[in-house]
Every structure is written in C-alpha cells, then in structure tokens.
Amino acid sequence: MWWKIIILGISVVLAWRIMGFVYFMGPHRTIHTHWPGPCRNLAPIRSGAEGIALSSQGLAFISSGYKIADVTDERIKNSLARVFLFDFNKPDGDAKELELIGDVRLASPHGISLWEDKEGIQIFLVDHRLTEDTIEIFRFEPPLSLRHTRTIHNPLFANLNDVIATGDSSFYVTNVASVRDGPLLTISFLLQLSTGSVVYYDGVTARQVEGNGKILNGITSSSDGRFIFVSYMVREAIVVFRREGDGSLMRVQTISLSAIPTTYFMIQQLEIC
C-alpha cells in the first residue's frame, strides 16, 4: 500500500515539473515579429553567433562558433570558433574576423564582455572546452587582432553562459546549471532544478555570490558598475543586484517580463537591449 502511495507521489511531482517545463517552452504563446529598424544578415558570419560586446567607440566584438552538445545540424556542427569585429561607425560594412595571437585555440565560444582602460580594450570570452569551461582574456590590438593574455580555470565554472567584466582581471559569470552535459543536464532542465548560479572572480579567487537559480542566462552591469543584471529564464525576469565592496551581490529588484530573457547589454544608463 505504502509503495503505491510513494510511486503516486513521485509521479505527481514529476508530472508537475514536466508540465512546468512545457509551459516554460511556451507552446501557448503568440509571437509577433517586430524589428527596431532595417535589419540584414551580417556577412561573413553564418552560424553559431552567440554574444556581442560593444565598446564606447561603436566597435562590436562578436563571438561565433558556439556548439550545443550533441548538435546534429551540420551548419552548426562544422562551424569554426572565431571572434568577429563590426564597426557601427560603418553600418554598411561587413564583419571582420579577428586574428587570435598567442597560445590559445577556441573550442566553442559563448558569452563575451569587454573592459576599456587607458591601455585599450580587453576581451573576456566564455569558452566551452571538451572537459571544462574557461574564461579567455585577450587584449585588442587594432585593427584586427586579439592577443591572448590569460586563461582562467575554476571548479566553480560548472556550465558557463555569460560573463561581464568589472575590471582588467575581475568579472562575474553565470552558470546555467551545476552540470555541463549528459543525462544529468537534461534532467536538470526538465525538472527545472535550481542549480544555476552567479560566480565572482576578483582576479585571484572565485566564489559563488548567488545560487539556487533556475536556468540563469545573460549578465550585464549598469554604466557606473554599481548594479548587476541577471536574466532568470524560468522566472521570465531580470533580477537587479547591487554590488557590494567585496563583490558580493544584494538583490534589490525583480523585473517581470512575461517573456524569456537571454543575453543583453547596457547601451545607456537604464536602457537595456
């Protein structure tokens, strides 16, 4: 008798979780196509483009070649890991591939961020290697080169999605979940387990500053660096955190969107794209 009750209870919980995942995927939604203005495909980028980081001078650094595990689409499966540069000051131009200089070979680039200082621009890039996720740091050398300066490894980089630079060697990253791939990741998504997190790296050590999130995605900061914005996909919300002096985060606001947010960036104070 008791085992029947236990099985029934487990079945109800699983059904509730799976129904929640189906609702999250949005088959009931009506999507209206809208454009902010004239749009075009940006040559020569073809597939796997994932993140964009925009400098104060209108230079857009674009990560390309992101591959989802076990992907079957040949266009994505065979796409090359590259970083492109597009100049918004020349809107009719094409993107230019950047030469990577140094001891680095990108595998599957994902989120991207930049830091500007008196010496120029540094690029922070999430890369999914075969057995681990890393942050690759480059120095931009105009006109079309990125010089690799450092690779950051850490056990807390479980399943990285996005990165936001906060200094020349410090940053925040989001973990979608606590596992990288395989059946455990599938189960984590289907059951919408709260295993996502935000990790802060201060230049020397890393620590988790926010946890128990359901499928965390994009992360960015306010123009003055005082606030951090994180997209919570399952909650359909952007959560706003205030940065403390030691890098820890204090939750101050949740902005409900009624839509699933992914990656975004700040182009002006209080204006998110």
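Cβ coordinates come from backbone N, Cα and C, glycine included.
Look at ILE112 (Ca(2+) binding site): DSSP puts it in a strand. The Ca(2+) binding site annotation in TrEMBL covers GLU50, ILE112, ASN161, ASP162, ASN217.
Here TrEMBL flags HIS110 as active site, proton acceptor.
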* To do: Compute the mean position of the Cβ atoms of GLU50, ILE112, ASN161, ASP162, ASN217, which form the recorded Ca(2+) site, and then list in sequence order the other residues of that chain whose Cβ is within 8 Å of it.
  => GLY51, HIS110, GLY111, VAL126, LEU160, VAL163, THR174, GLY218, ILE219, THR262, THR263
* To do: Tell me the Cβ contacts of HIS110 (active site, proton acceptor) under 8 Å, same chain only and six or more apart in sequence, or just say none.
  => GLU50, GLY51, SER63, TYR66, LEU125, VAL126, ASP127, HIS128, LEU160, ASN161, ASP162
* Asked: Whose Cβ, among the binding-site residues ASN161, ASN217, has more other Cβ atoms within 10 Å than any of the rest?
  -> ASN161
* Asked: DSSP on GLU50 (Ca(2+) binding site), three-state: which is it?
  -> coil
